[in-house]
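Per Swiss-Prot, the features are:
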- D89: active site, proton acceptor (ACT_SITE)
- D262: active site, nucleophile (ACT_SITE)
- D89, S90, G91, G92, F93, D143, Q185, G212: substrate binding site (BINDING)
- C301, C303, C306, H331: Zn(2+) binding site (BINDING)
- 243-249: region 'RNA binding' (REGION)
- 267-271: region 'RNA binding' (REGION)
Amino acid sequence: MKYDVLARAGFARRGNLHLPHSIVETPVFMPVGTQGTMKGVVTEQLVAMDCRILLCNTYHLGHRPGHERVKAAGGIHKMMNWNRSILTDSGGFQMVSLSKLMTVDENGVNFESPHTGEMMALPPEKSIEIQQALGADIMMQLDHVIHVLTTGDIVKEAMHRSIRWLDRCKVAHTRDDQAMFPILQGGLNLDLRKECAEEMAKRAKVGIAIGGLSGGEEKDHFWRVVAACCAALPPHLPRYVMGVGFPVDLVICSFLGADMFDCVYPTRTARFGTAMVRRGGLMQLNQKRYKEDFLPIDDKCKCNTCKNYTRAYIHSIAGKETVACHLVSIHNIKHQLDLMRDVRQAIQSNSVEKFLRQFLFDYYGPIQSENPSKQDTEKVQEVPQWVRDAVDHMGYTLDF
């Protein structure tokens, strides 16, 4: 794996990540196919959107269908008919999401399967064994993940344990064709984050992840941790902020210096009939206001949904037919990929401030209406203070 920085603008970088299955342009959003499948989307559709990399979940694939079966099928790429890049997480996040089903000690994590009730031991070495069998382009170390709002000695303990587990993962990592990222921990404590960044940087060869965020912390804490971590990490390695998927978060983190992101948000929110749009942020298509709205979700979007279907049609089937989830998922994933394309272009052309002003004005403004005169009278929402503070930290100003 090789990472080339092609352009810089402020803290932000535009780069190319050279992986065995594709060249990934950064900053990049990675859709999540938890068990080797995207909710409501097939791989051919992802290729049509020019998605270059996606994420699969080691814990869930290890349980079902099992990493031995995936390996027997020729690896995760062949099994899911995907010839582009894949990143697998380590299973560490399930320490939070499945906290009632697990225990953790120095040896590793012990999970109870939510599917069968069977116990599964996951030491760092086993996490790497599973990920090597899956065959992803990028693997993650097993880290000790705690809830982001946790306080006390456990925060420091989990951070140091993550460093020790990284050393064990490095010994277990034997495949040269798979990159492995350390994961930076430390909660909301900036001093611990910087200490962890220093230790992880000594051990990192190809990239570093920033973990333990997007778990309900205040946004003011969120962006400051991302900014501090990016500033403390080596400039030649890609920085991956795990679990980030809200459009504003993607934009802000990219311009703070982060390069990679993942989240289930585009497909999860689609299940509730919620579409992501540049003008107005979120569109709740199950609301009655869209009953006779014959515009596409976004008239500037080139996804198959926006080319062929109206808001009124999706409203009529939202919550009733699975195809509604499929159509909105297609749009939401394309929205995120296009947003990151525009972020890269802003960095390349050194027009970040101009992009920020337009993006935030549109995002916190009104949703596009069939009645332009009514839309013109609506006022933009207040941009959150945390966003303004982050933009100010970058050295840019908003003119509204």
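Including glycine, each Cβ sits where the backbone N, Cα and C put it.
On a predicted model such as this, the values are computed, not experimentally measured, just so you know.
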**Prompt:** Helix, strand or coil: which one is the residue listed as 'active site, nucleophile' in, per DSSP?
**Reply:** strand
**Request:** With H, G and I counted as helix, E and B as strand and the rest as coil, say where DSSP puts G91 (substrate binding site).
**Result:** coil
**Item:** Sequence-remote partners of the region 'RNA binding' (243-249) [C-beta within less than 8 Å, at least six residues beyond its ends]
**Value:** 29, 93, 211, 213-215, 222, 258, 261-266, 276, 281, 335-336, 339, 360, 363, 387
**Complete:** Simplified DSSP label at H331 (Zn(2+) binding site) comes out helix
**Request:** Using the centroid of the Cβ atoms of D89, S90, G91, G92, F93, D143, Q185, G212 as reference, list every other same-chain residue with Cβ within 8 Å of it (recorded substrate site), in sequence order.
**Result:** M95, M140, Q141, L142, H144, V145, I183, G211, M242
**Request:** For the recorded Zn(2+) site formed by C301, C303, C306, H331, name the remaining residues of the chain with Cβ within 8 Å of the site's Cβ center, in chain order.
**Result:** P296, I297, D298, K302, N304, T305, K307, I330, K334, H335
**Nearest of the recorded positions (D89, D262, C303, C306) to Q185 (substrate binding site) - Cα to Cα** = D89
**Prompt:** How many Å lie between the Cα of G212 (substrate binding site) and the Cα of H331 (Zn(2+) binding site)?
**Reply:** 28
**Asked** Among all the protein chains here, how many other CB atoms are within 10 A of the CB of D143 (substrate binding site)?
**Response** 32
